[in-house]
Amino acid sequence: MLKFLLACVMLMPLVNSWWAVQSSLFIISFIMGVYCCHDFSSYMMGWCFNMDSLGYILILLSFWITALVVCSSQKVLKENNYPSLFLLVNICLLFFLIMTFSANDYLLFYISFESSLIPTLILILGWGYQPERLQAGVYMLFYTLFASLPLLVSLISLYNMSGSLTLGLVEGVSGNGFISCIWYAVTVFAFIVKLPMFLVHLWLPKAHVEAPVAGSMILAGVLLKLGGYGLIRVLPLFSEANKELSWLWVSISLVGGVVVSLMCLRQVDMKALIAYSSVAHMGLVLSGLVVFGWWGLNGAVVVMIGHGLCSSGLFCLANMVYERVGSRSLLISKGLMNFMPSMALWWFLLSAGNMAAPPTLNLLGEISLIISVVSWSKISMVAISLLSFFSAAYTLYMFSLSQHGKYYSALFSCCSGKVREYLILMLHWLPLNLLILKSSSIMYIL
């Protein structure tokens, strides 16, 4: 834990040099990845005393996505839009994420979990595009804070009962009575809003649409994973109550995922479509987590990693189109294959990842989740089949509408893509497809 925090703190004096921060983030990510692939167990024993493999993988994802965020936000540097402050906010966000994923105390986890909201809010309000970003920021703030205050009360109650809030030492809540079920519901609700589950997801599309590319990438890539990580940590404390109420979360998630998929089919805003698709994917993740079997748990973690890379890459692509065309509307940003033919390949590859096509990491995770949820209840096959079908449908809808057709007549000249942009997209796509080669070791260590 201290190694990662120290690396993060050492980046703060470098905020006046954009290239130094960017290079340092990539070097740290590369070293972590090499150690993870080479010999995970000896690395963990030697360097990270209070962290398990799940926290380590999510910290690696945080470093990687932050490096790609800095690389893709060159417009901030080019326009001199407070680049040093922008880097400082991103490093602070990375610091809080490391604290969250490496905390071995529930109270420290809660404080870090909530603190990550502040840099995200600053990113949306400070570098967002439109005046509506104020409303989006307020939505995000009130949704997450309203849900997380009962979690604090729950943690204090657990401390009074157990005398400790250290992971592994907290005494679980036994029984499945009315009080236990209410206690369980208010505890997991904070993470369900952060995930987010259907019915409490309205803050996510608003935040994504109004956020700059950095905000969208880090929100989709890492911040949504805080909800899943929190559920993995908290659900073992409420095993009896979870067995009684898991049907509620699975039903809402699967039916809500189908409804959100239908909403995706009528979106004309690129970023809104990608944001709603995140809600559909996270619905399946939530179903696998509350069933809490081996297949569901491992599948949920794999999908969280795969979705973090794929969704972040799609937001990056949408931003590249927005910088050239000046609009996120699919009705205006169509026929892109005519004047950005090389970029169409990356649209196709990341769209294939979004619909869980082989050989992406999403395919392995979704197969594991489907096995888990169907083994829990055969009726869920209906919702899962519809969810899988519509997932492919809205992804193909986005790809075909944006790439095919006649392009906007006001476009006279356009750059087909810079080397930096192709590098960013490749660094999203390569881990998404190559990690499946190490997927057996990932599922083993989890």
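Just so you know, glycine gets a Cβ as well, placed from its N, Cα and C.
Per TrEMBL, the features are as follows:
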- 1-100: domain 'NADH:ubiquinone oxidoreductase chain 4 N-terminal' (DOMAIN)
- 103-390: domain 'NADH:quinone oxidoreductase/Mrp antiporter transmembrane' (DOMAIN)
- 1-17: signal peptide (SIGNAL)
- 53-70: transmembrane segment (TRANSMEM)
- 82-101: transmembrane segment (TRANSMEM)
- 107-129: transmembrane segment (TRANSMEM)
- 141-162: transmembrane segment (TRANSMEM)
- 182-204: transmembrane segment (TRANSMEM)
- 216-235: transmembrane segment (TRANSMEM)
- 247-265: transmembrane segment (TRANSMEM)
- 272-295: transmembrane segment (TRANSMEM)
- 301-322: transmembrane segment (TRANSMEM)
- 343-361: transmembrane segment (TRANSMEM)
- 381-401: transmembrane segment (TRANSMEM)
- 422-445: transmembrane segment (TRANSMEM)
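Proximity of distant same-chain residues to the transmembrane segment (272-295), defined by a Cβ-Cβ separation under 8 Å and at least 6 residues beyond the stretch ends, is recorded for 192, 195-198, 201, 204-205, 208-209, 220, 224, 227-228, 231-232, 235, 239, 242, 246, 249-250, 253-254, 256-257, 260-261, 263-264, 303-304, 307, 311, 314-315, 318, 330, 354, 366, 368-369, 371-373, 375-376, 380, 384, 387, 390-391, 394-395, 398. Between the transmembrane segment (381-401) and the transmembrane segment (247-265), the number of CB pairs under 8 angstroms, six or more residues apart, is three or more, so the stretches are in contact. Of the recorded ranges 107-129, 141-162, 182-204, 247-265, 301-322, the transmembrane segment (53-70) has the largest number of C-beta contacts under 8 angstroms with 301-322. Within the chain carrying the transmembrane segment (301-322), a Cβ under 8 angstroms from the stretch's Cβ atoms is held by residues 54, 57-58, 61, 65, 68, 72, 208, 213, 216-218, 220-222, 224-225, 228, 232, 270-271, 274, 277-278, 281-282, 284-285, 288, 328, 333, 336, 343, 346-347, 350-351, 353-354, 360-362, 364-366, 368-369, 402, 417, 421, 424-425, 428-429, 431-432, 435, 439, 442-443, 446, all 6 or more beyond its ends. Sequence-distant residue pairs (6 or more apart) of the transmembrane segment (216-235) and the transmembrane segment (141-162) include fewer than 3 whose Cβ atoms are under 8 Å, leaving the two stretches without contact.
Counting residues 6+ beyond its ends, the transmembrane segment (82-101) has Cβ neighbours under 8 Å at 1, 4-5, 8-9, 11-12, 15-16, 18, 21, 51, 55-56, 58-59, 62-63, 66, 69-70, 73, 76, 108-109, 112-113, 115-116, 119-120, 122-123, 126-127, 214, 218, 222, 226, 229 in the same chain. Sequence-distant contacts of the transmembrane segment (247-265), counting only residues of its own chain at least 6 positions beyond either end whose CB sits under 8 Å from a CB of the stretch, comprise 192, 197-199, 201, 273, 276-277, 279-281, 283-284, 286-287, 290-291, 373, 376-377, 380, 383-384, 386-387, 390-391, 393-394, 397.
Secondary structure of the domain 'NADH:ubiquinone oxidoreductase chain 4 N-terminal' (1-100) per DSSP (helix as H, G, I; strand as E, B; remaining residues coil): 85 helix, 0 strand, 15 coil.
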